[in-house]
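Marked as topological domain 'Extracellular' by Swiss-Prot: 1-25, 76-99, 155-196, 259-271. According to Swiss-Prot, the N-linked glycosylation site annotation covers 5, 265, on the basis of sequence analysis. Annotation comment: Swiss-Prot describes 26-46, 55-75, 100-120, 134-154, 197-217, 238-258, 272-292 as transmembrane segment, evidence class sequence analysis. Taken from Swiss-Prot, the feature disulfide bond applies to 97-189, supported by sequence analysis.
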């Protein structure tokens, strides 16, 4: 009977990064620039890998899919962010908010799986080079890619299913710049004791499994590199891993802080800053990390530039 006294909320209002009109304009210009760089950088990586035969290897196949995921991941958040900055807030139906959450979580989770697949690829290339063509055959590569997307979608649907099972009948203002699960949970008038735990278990499992794969891969890589007699061989092996390690450290460091650390350890504003970093900034940085610190990509870019202007 108590539920009948509540009015069901039809739409949710995303407050955004700030309510200051002047800051909204500044942030809009900054993040529009970041988004354009993200699109140009990741599309360039995908195009370069497609047109450069020397990059037709499993490592760069995974990198092209990482760039594709980064485009969709960033877009799912950036479009809503720009709309709310222009309108000083944004009203979305609950279903639209659930769809945005599903897309963001799906591609964010797929990125975790892709980073783990890339670590395994580096492990095979450095520790078992003679078996590389067998262990990283096209069939294995597409299986790893399929698992990445399916695993990401399953986590996305877990979050979405939990969100759609909640009732919203009180305050409807989300103190965030996109439909993230934790702020939505605070607005619900349902019992969230179990619903609130399920997404944490799902995301936590993905983080633990993928970090385990990455850590074990790099432990074996480090042992193999330290046993190499050639200094040049060590340097070459290290250089193929530094870009990936940088991307892993940035991404996992941020999402672990947000989703694993107790919420009492940081404020809502700090949560927004960290969320901006892993949803908007990191997708922009990944192409720069993999192009500026990768000899093969730089060489392929040089050849492509020569072909264009010759």
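Yeah, the Cβs are placed from backbone N, Cα and C, and that goes for glycine too.
Computed from a predicted structure; not experimentally measured.
Panel annotation: around the transmembrane segment (55-75), residues 35, 38-39, 41-43, 45-46, 48-49, 103-104, 107-108, 110-111, 114-115, 117-118, 121-122, 125, 136, 141, 144-145, 148, 240, 279-280, 282-284, 286-287, 290, 296-297, 300 of the same chain, lying at least six beyond its termini, place a Cβ under 8 Å from a Cβ of the stretch. Neighbour counts of Cβ atoms within 10 Å were taken for the disulfide-bonded residues 97, 189; the minimum is at 189. Long-range contacts of the topological domain 'Extracellular' (76-99) within the same chain: residues 9-17, 19, 21, 24-25, 27-28, 31-32, 34-35, 38, 107, 160, 163-164, 168, 174, 177-179, 184, 279-280, each at least 6 residues beyond the stretch ends and with a Cβ under 8 Å from a Cβ of the stretch. Look at residue 189 (disulfide bond): DSSP puts it in coil. Outside the transmembrane segment (272-292) by six or more residues, the chain places 17, 31, 34-35, 37-38, 41-42, 44-45, 63, 66-67, 70-71, 73-74, 77-78, 81, 104, 108, 176-178, 180, 243, 246-247, 250-251, 254-255, 257-258, 266, 298, 301 with a CB less than 8 A from a CB of the stretch. According to DSSP, the topological domain 'Extracellular' (155-196) comprises 17 helix, 2 strand, 23 coil. Along the topological domain 'Extracellular' (155-196), the predicted structure has mean pLDDT 86. Long-range Cβ contacts of the transmembrane segment (238-258) within its own chain (Cβ-Cβ under 8 Å, at least 6 residues beyond either end) map to 59, 108, 111-112, 115, 118-119, 122, 125-126, 207, 211, 214, 218, 221, 225, 266, 271, 274-275, 277-278, 282, 285-286, 289-290, 293-295.
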